[in-house]
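This report refers to the structure that appears directly beneath it.
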Amino acid sequence: MAVVVLYVLMIGFVGVGASILWREWKQCRCDQKQKEFLQILFVLLVVGLFTRYININQLPGLQIDEAMSGYDTWALAKYGTDSALNSWPIYLIGYGTGPSAFYTYLSLPFVKILGLSLVSTRLAMVCLSSITILIVMWTLLRLNLSKKLTLSIFFMLIISPWHMLISRFGLDANVAPHLLLVALCLVLVGMNESGKKQTIFYSVAICLIGLTSYAYLATWYFLPLFLLFLLGYFLKNRYLNKMQIVILMVVLIVTIIPIVIFAYVQYVGQETITIFGVTFAKMIGSQSEGQTILFKDDIWGAFLGNLQRILGFLLSGRDGLIFSSIHGFGFMYNLAGLLLACLGWIKMRKEKSPFSQLTIGWFVCSLPLLLIIVPVVHHWNVVMFPLIIMMGYGLASLHSIENKTIFRNSIAFFSVLFVLYVYTYNVVYKEEQQDSTYMAPVTLEETLKVGNEKKLENIYIERSSLKQLQDLTFIFIRFYDPISPESYQASRDTPYDKNSNMTYRYYGKYVFLDENEATKTDQTSIGYLYHKGTDLSKKTFLKDFAVYENADFLLFYKE
């Protein structure tokens, strides 16, 4: 059912995009170039949506953070509490330091209706991505930019390796950049409106910007600078009247009040508080300490080390995480994309339109964050859309060169790169995208279902036989075979312990074994789960067990 909903939504978004373009088509009358321009936009839209939706029920495999927040989504939808037994939290306890809860609430309706699955967990993300693509297309048309610039920016968005990847799984960090881009679009469109309509556009935009503070903790370092920049820019250019300033301040304050209370609990308060059923949980640890260099003993040495990593990151485009980037392509086609972004920067500096100035402001406000945060792709999410826009400007600048073949050849070059990227992602790195350190394949769910069908009372899992993180194996198991938050807490290694929300050895009926750990072999109604390829020659006791086998796992069981 969830897969059917997935493709119905894809077709629906294509239909919405077609209706936007059809309105433009009716206005262009006999202008053949305008019609060809709209046809190209439609083709790009279809390609963009198709590559973000296809096989999302299998590829990538279940990502570990996605599994963590996905279970909490299911728990809130079914029981009204998260895994830590907090009711409707502003921020999830999760690992003890998060993840953020914003994406959980976005995906909650899908999980509530369709149940917990890989697809239902991802529907909110792919919908947010689709809505963003449509709003960008609509905004570019409303701004009356040149056809070449509009096509270049939209083309770069559609073929972006980073955006294709983040659209395909439900990671909390991937929400904030979409909210910021939609906010930018609303601001730009609002500039061309007046009166109440303009105020509405600005109010929704400032609300979305405020909501990014709920979406990912790293944005806390970026938002104050960005908000000050926006205020200064609008006051300097007299884009706001006094009433609008008051209204926008009120909207922003109301939007961020809950997250301010949450921050107070973390840094001033001593314990978790609940207000009207909403929980402001005291985190067990600090997410900031793991993400930034600000809490290092040798902060100057950490800063220099970070600069070295940033340089390597920019040149290679890789951060070592398979769910973030693909070898050979990076997050922006490596040096090819970096060169385009540099050309775009030069063109935007000369143009000085509101679009270019706001994008540059967004980019510059992101730089302090990039200098202090550990350079991995999802930590850099906040700067990615400005880079894509800069790449679009850079591509369009090639059209102004006398030799027009440079522009056409560049389009062809990046089109080929995109085709190769899609092939590499779906074929070459398919197995690693599904079954690796941070990813678990859907075949794990199939295996656990067999254990439930056989009504096994205990299933032993030798964690060293799996490819996933050995200390956190339970997170994947919990997603594919969820139990109530109360049962989860009761079955943990340290039941109901407030100093931890994790477990290592016990989860429900599952027992996680160390390598070659001895177990009782005379029990009935038990199972042993191993990854295929595990050396089982010394486990002679398994000869008396029946076995279920699929592409990745073996489940030995005795009913």
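Using the three backbone atoms N, Cα and C, a Cβ is placed for every residue, glycine included.
The annotation transmembrane segment is assigned in TrEMBL to 6-25 (among others). If you look at the transmembrane segment (6-25), the same-chain residues 6 or more away from its ends with a CB under 8 A from one of its CBs are 34-35, 38, 41-42, 45-46, 49-50, 53, 56-57, 119, 123, 126-127, 130-131, 133-134, 137-138, 141.
When Cβ-Cβ distances below 8 Å are used as the criterion, the transmembrane segment (37-54) is approached by residues 6-7, 9-10, 13-14, 17-18, 21, 24-25, 28, 126, 129-130, 133-134, 137, 147, 150-151, 154-155, 157-158, 164, 167-168, 422 of the same chain, each at least six residues removed from its ends. Residues annotated as transmembrane segment in TrEMBL: 37-54 (among others).
The transmembrane segment feature in TrEMBL is assigned to 88-111 (among others).
According to TrEMBL, the transmembrane segment annotation covers 123-143 (among others).
Look at TrEMBL and you will find 149-166 (among others) tagged as transmembrane segment. Counting only same-chain residues 6+ beyond the ends of the transmembrane segment (149-166), those with a CB under 8 A from a CB of the stretch are 37, 40-41, 44-45, 47-48, 51-52, 125, 129, 133, 136-137, 140-141, 174, 177, 323-326, 329-333, 340, 377-378, 381, 384, 388-389, 391-393, 395-396, 399, 411, 414-415, 417-418, 421-422, 425.
TrEMBL lists 178-194 (among others) with the feature transmembrane segment.
Positions annotated as transmembrane segment by TrEMBL: 200-233 (among others).
Feature annotation from TrEMBL assigns transmembrane segment to 245-265 (among others).
Marked as transmembrane segment by TrEMBL: 321-346 (among others).
What TrEMBL records for 358-377 (among others) is transmembrane segment.
Sequence annotations record features per position, and here TrEMBL assigns transmembrane segment to 383-399 (among others).
Taken from TrEMBL, the feature transmembrane segment applies to 411-429 (among others).
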Within the same chain, the residues 6 or more beyond the ends of the transmembrane segment (358-377) and with Cβ under 8 Å of it are 162, 180, 184, 187-188, 218, 221-222, 225-226, 229-230, 233, 290-294, 303, 306-307, 309-310, 313, 319-321, 324-325, 331, 345, 348-349, 383, 385-387, 389-390
In the same chain, residues at least 6 away from the ends of the transmembrane segment (245-265) whose Cβ sits under 8 Å of its Cβ atoms read 90-91, 199, 202-203, 206-207, 209-211, 213-214, 227, 271-273, 275, 278, 280-282
